[in-house]
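Record features (TrEMBL):
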type	residues	note
BINDING	A:Asp28, A:Asp74, A:Asp217	Mg(2+) 3 binding site
BINDING	A:Asp45, A:Asp74	Mg(2+) 2 binding site
BINDING	A:Asp220	Mg(2+) 5 binding site
DOMAIN	A:26-140	domain 'PurM-like N-terminal'
DOMAIN	A:152-307	domain 'PurM-like C-terminal'
Protein chains: 2
Amino acid sequence: MKDEFEFIESITPRQTDQASLVKGIGDDAAVYRGSDEYDEVICVDTMVEGVHFRRDTLTPFQIGKKALAINVSDLAAMGAQPIYYIVSVAASADWKQEELEDVYKGMFDLAQEYKMDLIGGDTVSTPDTLVLTVTVIGRVERNRAVYRHTAKPGDVVFITGYAGRSAAGLDLLFEKGVNGSFSLEEQKLVKAHQEPQPHVKAGRILCQTGVRVSLNDVSDGVASEANELAEASNVRIHIDARHIPIDEAMSSYSREQQLEYVFFGGEDFVLIGTVKEEDFSKVEEFFKEEGLFITKIGHVLSGEGVYLKEENQLTRLEKKGYNHFQKRG
Amino acid sequence: MKDEFEFIESITPRQTDQASLVKGIGDDAAVYRGSDEYDEVICVDTMVEGVHFRRDTLTPFQIGKKALAINVSDLAAMGAQPIYYIVSVAASADWKQEELEDVYKGMFDLAQEYKMDLIGGDTVSTPDTLVLTVTVIGRVERNRAVYRHTAKPGDVVFITGYAGRSAAGLDLLFEKGVNGSFSLEEQKLVKAHQEPQPHVKAGRILCQTGVRVSLNDVSDGVASEANELAEASNVRIHIDARHIPIDEAMSSYSREQQLEYVFFGGEDFVLIGTVKEEDFSKVEEFFKEEGLFITKIGHVLSGEGVYLKEENQLTRLEKKGYNHFQKRG
């Protein structure tokens, strides 16, 4: 049951510096080296046309790039370095060969940043819709993977970038269409939706500091992800509205709208996590050295739930899931 | 972007003897131990409803079991021991929750045989059809993975079981329906189609003998798989029709029909490969010790192509792909 990899191979020259790869594309399986020094981290995500992406807001190139980014972000949230990816494409007849090639090219574009190798996959047909399943494999120094369940009362809550931009960009795409006329700020938000950047370097720094960290990636909005941290760690989280970093590109939005996007938007792929109060400045220093920023946005307490602190009022932030195509207000 | 694993967890108690699994289901990623002693083998296969399986010939349980079997067979063909699996289910609304649970139960049924752990996955919705993507991870002693490209002139060609049964079973299902009245022989063929058994033990023996072996699994029929071996190794293969083992359950079929099923059927998941002439009896001995059989069915020569030798006539066997639902004559 060998599949046709001709066009994949043509756009994915084997990266010969990946010495650990014993064998690449061609057979039905890929073989790679294990190592006593590392733990392996594996993630699988499936994106379905019409459910997770639409062709009127993303090009095939962007669909591919984003499908890989979602998985790479899962690795980043574990502190892992991405190494390999495997792509299963179930495509309907209305997807042209060149569009499918663009999907692979988009993945390749992101993969190159991390020197990831495409080591296998499967191409099959479906009656309709494109179903993209991406598997990524990463590595993290043994026993150093970072989890969600390790937050403790007394920790500070941090975020590694701007949340809310992707959802704002999606609303702009709905409003003006993919070929609409966008201001420079709007273009930035649209780009954040179409080609989100996973925070791999941030995840690696947090893993390598050696201090206790809890971590999650913001794929479903800050409210949902903070709730996941709180639930997994059995703690309560307070988020201070004043400290949430807002991208300048969103400065024309009302405060209410900004926070709506941050908390209930999704697919920003920044990281949210916690670290001991006294370790935060050390972590912040590491980030600065790498030209990155990290912002303290709240505190961990004993108890449960996630609360937004605004002008001395506490409002519970429910774990509302991000609905990809439900128009937000 | 956490998915709901409640019903998976309920049917997949963590196997605590898998010491290498650092962390299981729950987060978006699974972490497991690498090892200097092993190479990792990974395979991904996607099965689409209406393309690779139909609900009128397989139960949801069997769909799940077969989806995992296909992948485990890919590991067997590399000589690897299966360890983990990850399941991505993209299901349409016409799939009931209990049917999806049965899909997982079918996988679990096969996984138990090999003590494989389900370590993650994704459940999403599709507009229609079920798309099942299964990722399996196995291990093989370092540098001992078995490939297709290592056949050499002078080798004998072997097969590790009966081919053709699955296609015969599928034709019976088409003819009589899934609730039809089948003779004992027919039941055996139907079962071979519905719940094929991957040849993991055979693959492990072939890997552990330490002799040079080339290997492939018969997912697309013997003609296609032998051609893959010949192409990958740049050799010519002669298959002797007289030596092909035919299951007694197929004894009522004409010779022509038997060979049609063997060469152009599919999904039998036996292994086909080659080994040096003088090593074959040693390999055969290992198989016997384990209560398995292996049959010499041909020879490797220099040149190209696959030929069937029958009554001193050579007929070229083309690499016809197996079409799952095209009625064969």
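Cβ atoms are placed via backbone N, Cα and C, with glycine included.
Everything TrEMBL records as a feature, shown here on the structure.
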| residue | record | Cβ within 10 Å |
| --- | --- | --- |
| A:Asp45 | Mg(2+) 2 binding site | 25 |
| A:Asp74 | Mg(2+) 3 binding site | 29 |
| A:Asp217 | Mg(2+) 3 binding site | 29 |
| A:Asp220 | Mg(2+) 5 binding site | 23 |
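As a summary of secondary structure, the domain 'PurM-like N-terminal' (A:26-140) carries 34 helix, 49 strand, 32 coil according to DSSP.
If you take the Cα of the residue listed as 'Mg(2+) 5 binding site' and the Cα of A:Asp45 (Mg(2+) 2 binding site), they are about 14 angstrom apart, rounded to a whole number. Looking only at the domain 'PurM-like C-terminal' (A:152-307), the predicted model's pLDDT averages out at 96. Distance from the CA of A:Asp45 (Mg(2+) 2 binding site) to the CA of A:Asp74 (Mg(2+) 3 binding site) is 9 Å.
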